[in-house]
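Presented below is the structure to which this report refers.
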Amino acid sequence: MICYSHKTPQNSATITCEEKTCYKFVTKLPGVILARGCGCPKKEIFRKSIHCCRSDKCNE
């Protein structure tokens, strides 16, 4: 699986992951992404802010 690893959509760096999911951690501000990467973090406190998917496309 290949996931994006940068915080902004303009950066196109990717990483290769063993996991079959990617995630992005977003804020309440539109378009602001704090982190992207492999897997799907399960922290309950951040759950509504973390979007996980089985494709790098939803990590854009």
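Placement of Cβ uses the backbone N, Cα and C atoms for every residue, glycine included.
Swiss-Prot has this to say about the protein:
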- Cys3-Cys22: disulfide bond (DISULFID)
- Cys17-Cys38: disulfide bond (DISULFID)
- Cys40-Cys52: disulfide bond (DISULFID)
- Cys53-Cys58: disulfide bond (DISULFID)
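Overlay of Swiss-Prot feature records on the structure.
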residue: Cys3; record: disulfide bond; Cβ neighbours (10 Å): 22
residue: Cys17; record: disulfide bond; Cβ neighbours (10 Å): 16
residue: Cys22; record: disulfide bond; Cβ neighbours (10 Å): 28
residue: Cys38; record: disulfide bond; Cβ neighbours (10 Å): 19
residue: Cys40; record: disulfide bond; Cβ neighbours (10 Å): 15
residue: Cys52; record: disulfide bond; Cβ neighbours (10 Å): 15
residue: Cys53; record: disulfide bond; Cβ neighbours (10 Å): 14
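Nearest to Cys53 (disulfide bond) in space, judged by Cα atoms and limited to the disulfide-bonded residues Cys3, Cys17, Cys22, Cys38, Cys40, is Cys22. Restricting the disulfide-bonded residues Cys3, Cys40, Cys52 to those with a CA within 10 Å of the CA of Cys17 (disulfide bond) leaves Cys3, listed by sequence position.
The shortest Cα-Cα distance from Cys52 (disulfide bond) to any of the disulfide-bonded residues (Cys3, Cys22, Cys38) is found for Cys22.
For the pair formed by Cys38 (disulfide bond) and Cys3 (disulfide bond), distance between Cα atoms is given as 6 Å, rounded to the nearest Å.
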